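Shown next, in structure tokens, is the structure this report addresses.
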């Protein structure tokens, strides 16, 4: 018989990593904090999910070490199953709690569906790992079976038939997206990152299909429909061209012309009519009217255009330095890469203060542009494909080990998700008082300030390393201090923020997320804002 009360070294194939255990401890601290704040049957499900994910994570790590995983994953990190598994369930729990407090039953049920969907997707990833692990980890299977049984039992008695069908639809989409994208894009994700990114895309695709079929009943905000259509449309365009260019050379002029023509056909013939059906307006006229509706918006757009020009100049300047350098493998230093974090902070703060709805739409447009340019670079589409490959290769790091360069897209997502994810009907009636008033700033604090300061000070002044990592104590402490200073500045310049003496919770949330930054090997630009968002919402 095998003993498996804790994941032993003999079963994982390697001694337990101190950094992985520390990361798990931080995630459990977040889970227990949310459990204490919510304290209902759903939060007990989250605790059960975290326990089983902790055990299964070591099976995924073992599969990655042995090269036995079904797909090729990013190898410079652990599997990251535990921190990724908890994002959607915890987000759904705090969303349910906030919307319940303001008396919005629709979004309260929506939060429960988000939590149930996250748990279903995480359990599927666990079952996949256990199914291909040899020898079969009997005790871990028992733990996962017990946790899954508890979750399924509670959800069965909590969800309506329609909600159960919705969860199963998302799970089915997630399975197919995993098979397609992980095959087409090897080494771009860890199992945890795939769970987080593809789980979110699957949920959005299902929401778009659901709202398209019930468009007569839907009276949603055009801004929300705009985000859904743009994200899903760009993903489907990418899958289409990835499949097509398997059979033809994408680097020729004929293929490039075909790419541009088909992009126009798909955009004008599919995406725009789809959006028109949802918002009942001409999408282009609506967008132009929305962008230039007020004088404040015009000023913000001009200001953001100047910052975008500055970012392009930074890229060109760094590449000019590489051209003059004798080393052919010259890479931009850490500080140079963090210039973009400062530019993004300067972009988002005025938008959050003066016009969050405009920022919502502008970030969506920027995401579409980033994804389109990455398609052009990846497929070597003329005339910009090779130029983009040369310009962006300077800013690669160990996380860009696959064929795609996703770091800048993750940075945009990390800053934008706190703006996109919080239902606006649940932010009225003073429901975002206290620490929740900082929810829109979660990306700015965690990535724009915290991660940037930790990286710069840690790499230049750090001497005391956290056990098992390259991160330093000095970097983490300066990160916490910088975020506290930023909160103070937000209080000064944003009159709509009233913390109501919730300073201890804010300090604890910032400290926990800073510790997660020190120990995680996942994409911190994506993970940190989500965890800070969850803690501040609670």
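Cβ atoms here come from the backbone N, Cα and C positions, even for glycine.
On a predicted model such as this, the values are computed, not experimentally measured, just so you know.
The stretch that TrEMBL tags with transmembrane segment, taken from the ranges 136-155, 196-215, is 136-155. TrEMBL tags one of the stretches 44-64, 401-421 as transmembrane segment, and that stretch is 401-421. Counting only same-chain residues 6+ beyond the ends of the transmembrane segment (499-519), those with a CB under 8 A from a CB of the stretch are 19, 22-23, 26-27, 29-30, 33, 83, 433-435, 437-438, 445-446, 450-451, 454, 466, 468-469, 471, 475-476, 479-480, 483-484, 487, 491, 527-528, 531-532, 535-536. Panel annotation: around the transmembrane segment (338-354), residues 296, 300, 303-304, 307, 310-311, 314, 362, 408, 411-412, 415, 419, 440-441, 443-444, 447-449, 451-452, 455-456, 493-494, 496 of the same chain, lying at least six beyond its termini, place a Cβ under 8 Å from a Cβ of the stretch.
Within the same chain, residues 334-335, 338, 341-342, 344-345, 348-349, 352, 411, 414-419, 471-472, 474-476, 478-480, 482-483, 486-487, 490, 510, 513-514, 517-518, 524-525, 528-529, 531-533, 536 sit at least 6 positions outside the transmembrane segment (441-461) and bring their C-beta atoms closer than 8 Å to a C-beta of that stretch.
Long-range neighbours of the transmembrane segment (107-130) within the same chain, counting only residues 6 or more positions beyond its ends whose Cβ lies under 8 Å from a Cβ of the stretch, are 42, 45-46, 49, 52-53, 56, 59-60, 63, 70, 79, 81, 84-100, 136-137, 140-141, 144, 147-148, 151, 155, 158-159, 163, 166-168, 170-171, 174-175, 191, 195, 199, 202-203, 423, 425-426. The transmembrane segment (360-380) makes contact with the transmembrane segment (225-248), as judged by at least three Cβ pairs under 8 Å among residues 6 or more apart in sequence.
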